[in-house]
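Taken from Swiss-Prot, the feature compositional bias 'Polar residues' applies to 28-39. What Swiss-Prot records for 28-92 is region 'Disordered'. Feature annotation from Swiss-Prot assigns compositional bias 'Basic and acidic residues' to 63-79. According to Swiss-Prot, the feature domain 'Helicase ATP-binding' maps to 179-366, an assignment based on sequence analysis. The annotation ATP binding site is assigned in Swiss-Prot to Ala192, Glu193, Thr194, Gly195, Ser196, Gly197, Lys198, Thr199. The motif 'DEAD box' feature in Swiss-Prot is assigned to 314-317.
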Amino acid sequence: MQPVFSRFPYASKSGFISLASRGYAVSRNSGSSIKSNLRSKPRADTRWNTKAKPPVKNRKSNGKGDHRSHSRSDSRAKPSQEQTQQQFQYGEYGKLSEGDPKILERSKRLVSKINDFSQLKILPEVRDKLMEVISSESLLNKNLLDVKYNPKENNVQEFKKHLKPSPIQTTAIYQTSKTLMDPQLQVRLIAAETGSGKTMAYLIPLVDYLKRTEMENPSWETLKDKAIVRSIILLPTHELVEQVYQTVSKLEPALGMHTYKWDAGSSYKGFVEALKGRIDIMVTTPGKILSLFNISMVNRPDRILSQVKFLVMDEADTLLDKSWVEDSYSTIKHMQNLNHVLFCSATIPKEFQKTITRLFPTVGVIASPNLHKINHKNQIKLINADMAPYKGSKTKALAQILYSINRDNIDPGFEKRVVIFVNEKENVPLVATKLANQYGHDVVALTGNDSVEERLEKIKPFMDPPKKMTTRKSEKVTTENTVTMKIPNSNIVIEEIPEDNEAFVESTLKVLVTTDVLARGINFRGCRYVVLYDIPNTPVDLVHRVGRTGRMNQKGSVFIITGKRVKNWVKAIPSIVSKNVSIS
């Protein structure tokens, strides 16, 4: 019997893998590299109605921080009155893509009709286990105000009764389940705001697909003992690889999933050993996949990758950015028999939208109704460092913010976490040193110059649940000697640091100073506070930085340090967020 995928030819006589026959847009020149395509003039491919190369221009890096550069469109098209009311134009920088009204409306209808996991087409064993995982990882969900998961009390069943799918989980699971087991290639883009539960939005369909394949594939009894990789989740950083793997690995005991994390600390020997026992879900980076072709220990890596049926590319706007697209695209080309490709992103920059639609013309978009919106429950507070009493000292303004956070009586008895973002990585140690030496804070400084092991060690305390404090703060500062002050040219009233700041030194704060290297995807559990020491350069950076707090509809506080020359769009951010308007 002819294999199902034989009608999707890949290899030509010259050995070049042709993806055009499966909906991918690629060069027809056998042996030509994607790099040459990047530099060449695009040729129209009339058969596939797309360009024959990834649409990425050679742009100079902005050189700021550790983050990848993003596109900055100069489009000045005048928006309609309705668009003006629904979209916030972010200064002079390139706009994020506006969501398709039809797609957003369809998502709203689905969310209004489906409010329980039992209404979604998921295998019962998969649904129950993944709901348990969600419960164990949820700190506070808007539907769980009165019930908190406590593993020691084993109240997961009670917790699950109150657990509801997030809007993007509802939409993504519903849309993918309709054709989950259809044999043709299916390419989808899952787009939703930060902290909306996107990991589970792609993980549930992935696991459901694997378990259904085991049930429906007659040859599974033979395949299950083969050295194969069945699915891969790709991420841009090893911090995200670690985070996603911690979730995926919880599926092993109950569902019999063989999971594997292939990061910077993994050896090729370890990969080979894991492969012998079958890998159901591998979490890694594009670079690690491509490295398979450079070692002799792994025989015919193309055969291994040809067994992959389900691919997830998380933080897709980064992985298809100019700096990553060559590796990411090459990685996908080696997976010849894919059934599902899921791209996942919290932001859809216009350049990314052009790239993905040209590389994958058949891509279907699944978007949250709240795409490109900052959680309206977040409090956005502007602090003008040029005004008295700071007189141009951003460090003093930052110290006052941290003092205010320490005294705000939110989550009493628990350690508080604050993440501070700066634009330049050179400023990270400077800011951290001042906070530690002058104000006695427990500060961690992290940049891309740190090794993977160092970064993972530094962020671990911020990813674990908040610690309960066993000692009380000093009582030296009392209501009688505390001074309340209004910050000039801001919308916040805080307490002034007293001259005797011994109580201030005994802080329960844990502070992380970093750049945009940690602005994407990282789930800082229990982090209610984000400080933007510098104004973000792009709307993408703004959305991702602010998205480190207020996750899963929790409340968070964001402090933005500004100056006299602050632009009007910065002043408008608090109003835009409170009105729940999309940022474009």
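Cβ coordinates are placed from backbone N, Cα and C, and glycine is handled just like the others.
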Restricting to the same chain and to sequence separations of six or more, state which residues have a Cβ under 8 Å from that of Thr199 (ATP binding site). Val244, Thr247, Asp314
Please list, in sequence order, every residue of the chain apart from Ala192, Glu193, Thr194, Gly195, Ser196, Gly197, Lys198, Thr199 whose Cβ lies within 8 Å of the Cβ centroid of the ATP site. Ser166, Ile168, Ala201, Ala346, Ser368, Arg551, Met552
In the motif 'DEAD box' (314-317), how many residues does DSSP assign to helix, to strand and to coil? 2 helix, 1 strand, 1 coil
Validating a neighbour-count step here. Other CB atoms within 10 A of the CB of Lys198 (ATP binding site): how many? 24
